[in-house]
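Taken from TrEMBL as is:
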- A:106, A:111, A:134, A:137: Zn(2+) binding site (BINDING)
- A:5-94: domain 'Aspartate carbamoyltransferase regulatory subunit N-terminal' (DOMAIN)
- A:100-146: domain 'Aspartate carbamoyltransferase regulatory subunit C-terminal' (DOMAIN)
């Protein structure tokens, strides 16, 4: 029987339990278009927990903390599995941080953070559903307002 | 013991109930005692990147009545901003010239950025459609003065609740005092969801309605706001809501209201309140405007450490 190269990875990361509609956003966060090793994306797979889920398997990549934080904002149920020698050696659920700096853009066009050369800063005021407050203009953003940079 | 020395006054969310009551108590004392020299030798930089005659003059008056000096500007065209200087650089330079900064800016969050950039205290005199905390202290002071207390009042907010930052700040502040709130506005000018979420997290009971008649009989305080033409990008949208609420003595005579209802307005007004209202027992907005001096004297003196 033919063995599919994409069915499993030997060394790398599997991001599982991605909210299906966020699968390609997660792929963007991970810049998969720039990865020259094996990448498998599963989309609309059945999931007991989520109904439908996405899964991304990437050979030869470990996620950075910033990437994990970004994924947590758009898919808070996602899990990260670290694979070594074809075995899962570590598994954890992404955790939404209490505060976020740098990689988010405030959705308020009149916020000072969009007009001055400063780092954006937000506080997470609710994790499910996600609601975050801008340190500067104090406006609240929900999942649909989140724009990663 | 409460001390506000070196505290930035940026958002009403940063201020505790105890600090609010402390500020109101000192403001009463300031009003009773009048001028003094407790800020002699101190310099206030009044940085108004957006015009506001009333707020600027009241800060200037407050500082001078306490013996302090005032420097600053009131139009963007005279600043280095037009040469491309960042706000952070501007305020870090000005910090070396003064003891306290009062800032008004057209960008939301500009006061927070200023406070993060300098070590001297910063007071937000209004930034964009965001917060205007010193007006809120003026409003609270007036309410306490005319009602005798702040606890458990029913307060109606009328008019532009979308852009009306004074209404937003006052709603937050009154959430400390068990207020029941009525937000009265056309659908296009409803209070933003952000503020309602914050109020919900503070267990505030609130109602959103379009007509004042529906709720007038329940109110202890009616807080009117001007529909701000300058906040509308589309003039057609402004014309749709302009003059939608017009209070006057004849209107009040027809409305079912409590005898001791008081009407506040941060002023200036346009056509939402007729002059015939001015001599009724409801109107306290001029008294409210005059309260700006003792309240701003208090804020300047307490954050500068002249009152401990």
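Glycine is treated like the rest: Cβ placed from N, Cα and C.
Whatever TrEMBL says is automated annotation, not expert-curated.
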Give me the count of other Cβ atoms within 10 A of the Cβ belonging to residue A:111 (Zn(2+) binding site).
26
Count the residues of the domain 'Aspartate carbamoyltransferase regulatory subunit N-terminal' (A:5-94) that DSSP assigns to helix (H, G, I), to strand (E, B) and to coil, and report the three numbers in that order.
26 helix, 39 strand, 25 coil
Within 10 Å of each Cβ, count the other Cβ atoms and name the one among the binding-site residues A:106, A:134 with the highest count.
A:134
Measure the Cβ-based neighbour count of residue A:137 (Zn(2+) binding site), defined as the other Cβ atoms within 10 Å of its Cβ.
27
DSSP-assigned states of the domain 'Aspartate carbamoyltransferase regulatory subunit C-terminal' (A:100-146) in counts, ordered helix, strand, coil:
6 helix, 20 strand, 21 coil
